[in-house]
Amino acid sequence: MAAPQSRPRRGELILLCALLGTLWEIGRGQIRYSVPEETDKGSFVGNISKDLGLDPRELAKHGVRIVSRGRTQLFALNPRSGSLVTAGRIDREELCAQSPRCLININILVEDKGKLFGIEIEIVDINDNNPKFQVEDLEVKINEIAVPGARYPLPEAVDPDVGVNSLQSYQLSPNHHFSLDVQTGDNGAINPELVLERALDREEEAAHHLVLTASDGGEPRRSSTVRIHVTVLDTNDNAPVFPHPIYRVKVLENMPPGTRLLTVTASDPDEGINGKVAYKFRKINEKQTPLFQLNENTGEISIAKSLDYEECSFYEMEIQAEDVGALLGRTKLLISVEDVNDNRPEVIITSLFSPVLENSLPGTVIAFLSVHDQDSGKNGQVVCHTRDNLPFKLEKSIDNYYRLVTRKYLDRENVSIYNITVMASDLGTPPLSTETQIALHVADINDNPPTFPHASYSAYILENNLRGASIFSLTAHDPDSQENAQVTYSVTEDTLQGAPLSSYISINSDTGVLYALQSFDYEQIRDLQLLVTASDSGDPPLSSNVSLSLFVLDQNDNAPEILYPTLPTDGSTGLELAPRSAEPGYLVTKVVAVDRDSGQNAWLSYRLLKASEPGLFSVGLHTGEVRTARALLDRDALKQSLVVAVQDHGQPPLSATVTLTVAVADSIPEVLTELGSLKPSVDPNDSSLTLYLVVAVAAISCVFLAFVAVLLGLRLRRWHKSHLLQDSSGRLVGVPASHFVGVEEVQAFLQTYSQEVSLTADSRKSHLIFPQPNYADTLISQESCEKNDSLLTSVDFHEYKNEADHGQQAPPNTDWRFSQAQRPGTSGSQNGDDTGTWPNNQFDTEMLQAMILASASEAADGSSTLGGGAGTMGLSARYGPQFTLQHVPDYRQNVYIPGSNATLTNAAGKRDGKAPAGGNGNKKKSGKKEKK
């Protein structure tokens, strides 16, 4: 039976251990604490804040935390008190087995200072384990011939505690044949042996039952028992004997299972069945049992499972040889496991500061790394480095810790994410290495303005565009990210023709697309200069500018405008004269037209669209000059009607037409006489023409009288000014604006001409009365006569009265005629070239406007030389009322003047008219019948 054990109070022991745990010392930069095992979670270990000189409230601010190497956290920091406390139950036997001292090393990291402090904590053992036998029942066989003093080894109890808490003593239950002897080995182990005190007699007692008790020395004392059954055997007086008391073996940890270590042999001098020996392990713990295998018949020992130096480097076991007579022999086996480089280094990222700003200073800490290799010696020595092409480097910290820092400034626009490879290699043979990837994100700052691909842009838009039409798209690129790369577009405000630029153009602030807010007119706006700004959304925002030139392209949207001949306001057509003696190529008149478009759209060509006598006249393709194509014949009609078309070269082409009436005669009186006496020879009802003329004259007379009455009232109001105008060629004063037409800020006075037409009742004669040397330039056409239209005349009542008072009539003014040098055109005295070239300089395009200004100026001062100036258009005074000048815009960039490239002058020439040859008084001219 087990002896009674005293159990002192456990609380006193725990209190003693807790007091010992508060003691610490600082030596070689390390802090030491101690704490009893099996304490509750949160038990106090030491005051970290005090030992580190930090305020407990600033622990979180300094980033103080515990870092360990892949082990379950046994300790924790109390953030309120700054104390190191247990994180859970600590079992010393699980951590350190039966090591005399159980030391746990942890590290305290102060992040803001970049420092590590080593902490060594000793786990103090308490008596929390009972001594334990591997078996509960033990059978011992003893030969009856055994002599007193014979010793029989008994199983040892195992107590995981250490020191006084470990196994201290054995006790054997009282009996008459056996006693207990305890032997202490070199390593301090206590080995119980059963000693035979008296000779056995199987016949008296064949079996004996004993109880062995194992006790420790802790407080309270703990113990356990094993029942021993002793069987007395028949005579077998020799036990197996091993040749060596101790066997030593070295083995590499990477040896495969099945590898033979050695073979042990025990000899038994007995013969027969008493000499047969069986082998088995004795004194082997549970962890060693599955690692090795012993053949009980041969004594061969082999590896049953792979060994690991890092788990255990030394094994000690006892081998027992037993014969059939229960005689035993024992020996020890010591196995040393040698390390091989079979473990790669481990890299643990304890802290990673990501993302990092791209403008961080060199030397900024990016991460803390912990490196460990489970091998020993050189196999466990590790070196770390990064790739040379990255802007980072590793710096050695304390123990096996490294700091990853920057070597230079970073640029997110070049690299936004760094995949940092940390390579750790040991010094073994062959060396083993490990690569660890660290993904570091670089945070963006607004350090790049938006940029355009080009310094300037040019865009084109057709005129007459739709409002809101897309013109051009601008795109600026900002290499920054997120809001620093969000680009908005705007157009710098300016004015164009007095209006804000924003009323013409708008831009989408998000897409950079330009839109037209108005329909552009090429004739008004040729181009726009814009300044577009691209700004990002960073803080502060950055921006850049780019210039954009927007050109308006011309479209053929303006038809040619005919400047000469102009249509009279009374609805009749203008009359042109061609003498019967005209040779082929004689210049009859010239059609002048302009086009407000430009380029090809303003190139004009002339053609004869319709003629009453085909082949008689021709029109210059580029000059617009109407010339005779052949000599005039007597059979040619007196009045020729021509329709001239003017067409530009746009797409599609636009055109305009003008109708010309050409009278084949040498003078206007002849024209009037022959018009009055003209009678178609093919008409069988020739006698009815007189009736038609009488009716027409009566109608015209009624209209004429009404017109004279109205005109008389108007003329009486302006008689004085008109009188001054005729008597003087000086400065015009007080002339109403209705008598002027503006051409480039010049007003030309419109002279009023009058004539009186007197027709007799007969069919072929008429009398013309010219009360003053001025003639109306508008005659009715033959077609109008045939349609019984009234002959329209313009009568100046005041002039007529003035001439009548003087009792005389001036001779006809010869200025109404055309000389060859006075024909319409740029060079009336020369034949035009139908294949003239297009204008190739700005001076040619300004010719028409200069000629119009010169003509208008002469008409204004009363000394018009429209027909007499060399180098002018050759417009005689007879074209004054018909070619009424309107305001002509400045088309110098797009007007083509057909014909000559000669230099224009505005010199005032003298009139070519001769002095009147007739005497005073009225001159009558009777017309002669045309004979065919």
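Cβ from N, Cα, C; glycine included.
Copied over from Swiss-Prot:
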| type | residues | note |
| --- | --- | --- |
| SIGNAL | 1-29 | signal peptide |
| DOMAIN | 30-133 | domain 'Cadherin 1' |
| CARBOHYD | Asn47 | N-linked glycosylation site |
| DOMAIN | 134-242 | domain 'Cadherin 2' |
| DOMAIN | 243-347 | domain 'Cadherin 3' |
| DOMAIN | 348-452 | domain 'Cadherin 4' |
| CARBOHYD | Asn414 | N-linked glycosylation site |
| CARBOHYD | Asn419 | N-linked glycosylation site |
| DOMAIN | 453-562 | domain 'Cadherin 5' |
| CARBOHYD | Asn545 | N-linked glycosylation site |
| DOMAIN | 570-682 | domain 'Cadherin 6' |
| CARBOHYD | Asn685 | N-linked glycosylation site |
| TRANSMEM | 693-713 | transmembrane segment |
| REGION | 804-841 | region 'Disordered' |
| COMPBIAS | 810-841 | compositional bias 'Polar residues' |
| REGION | 902-932 | region 'Disordered' |
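Features per Swiss-Prot, on structure.
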| residue | record | contacts (Cβ under 8 Å, 6+ apart) |
| --- | --- | --- |
| Asn47 | N-linked glycosylation site | Ser81, Gly82, Ser83, Leu84 |
| Asn414 | N-linked glycosylation site | none |
| Asn419 | N-linked glycosylation site | Gln437, Ile438, Ala439 |
| Asn545 | N-linked glycosylation site | Thr492, Leu531, Val532, Thr533, Ala534 |
Local confidence of the prediction over the domain 'Cadherin 1' (30-133), expressed as mean pLDDT: 84
DSSP-derived helix, strand and coil totals, residue by residue, for the domain 'Cadherin 4' (348-452): 4 helix, 53 strand, 48 coil
Selection from 30-133, 243-347, 453-562, the stretch that has most Cβ pairs under 8 A to the domain 'Cadherin 6' (570-682): 453-562
Secondary structure content of the domain 'Cadherin 1' (30-133), with strand meaning DSSP E or B: 17 helix, 41 strand, 46 coil
